[in-house]
Amino acid sequence: MNFKEKLKLYIITDRRLKPEIASVKQALEGGATSIQLRIKNAPTREMYEIGKEIRKLTNEYGALFFVDDRIDVALAVNADGVQLGPDDMPIEIAREIAPNLIIGASVYSLEEALEAEMKGADYLGAGSVFPTQTKKDVKVIGIEGLREIVNAVKIPVVAIGGINLENVREVLLTGVDGIAVVSAVMGTEDVKRATEGLRRIIEEVLG
């Protein structure tokens, strides 16, 4: 599966900013190529029900669907993949449980990036590129830290953390395969329009 093209514009849900299903539909209308369902500490049943609806929408728009952390939910709703952080299920165990899922690894340093690649991650979510309101205590790697990771690994890299319309071009020029955003889309009044704005710049730079 050549999923790299679908990592260009990767939108992550945040219910503190917007309800999931309506905002995902608007992001897809605006050109999102991947959606990640991220809800911390939600009941499993609720995640399953929301995930089922997002799966329908992503199928309709030809986008990839990822679930943050929860392999069980990803499998239950027939998601394309799962995103795993350093405190989540180890990549190699996730691969045994779900051999057909695309596994993304969240990495915060060059060392973590190389380790995740070695353990079999399909792509990396690398950051935080800039300070971010979504995760205030996260380490900032900056543009240079991101470029180091891009140059060191062979698997696709998606940049995350504080990315917006003002800085997205600079991020894309590091050679990343895509960008992941939360606030730049979910924190705006018009989700569709915000997504369209990012998509235009991505198409200009990445083609």
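Just so you know, glycine gets a Cβ as well, placed from its N, Cα and C.
As annotated by Swiss-Prot, 4-amino-2-methyl-5-(diphosphooxymethyl)pyrimidine binding site applies to GLN36, LEU37, ARG38, ILE39, LYS40, ASP68, SER106, LYS135. If you take the C-beta of ILE39 (4-amino-2-methyl-5-(diphosphooxymethyl)pyrimidine binding site) and look for same-chain residues 6 or more apart in sequence within under 8 angstroms, you find THR13, ARG15, GLU20, GLU46, MET47, ILE50, ASP68.
Swiss-Prot lists ASP69, ASP88 with the feature Mg(2+) binding site. In sequence order, ARG38, VAL82, GLN83, LEU84, GLY85, ASP88, MET89 are the residues near ASP69 (Mg(2+) binding site), counting only same-chain partners six or more apart with C-beta under 8 A.
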Query raised in the report: If you count the C-beta atoms lying within 10 Å of each candidate's C-beta, which of the binding-site residues ARG38, LYS40, LYS135 ends up with the smallest number?
Result: LYS40
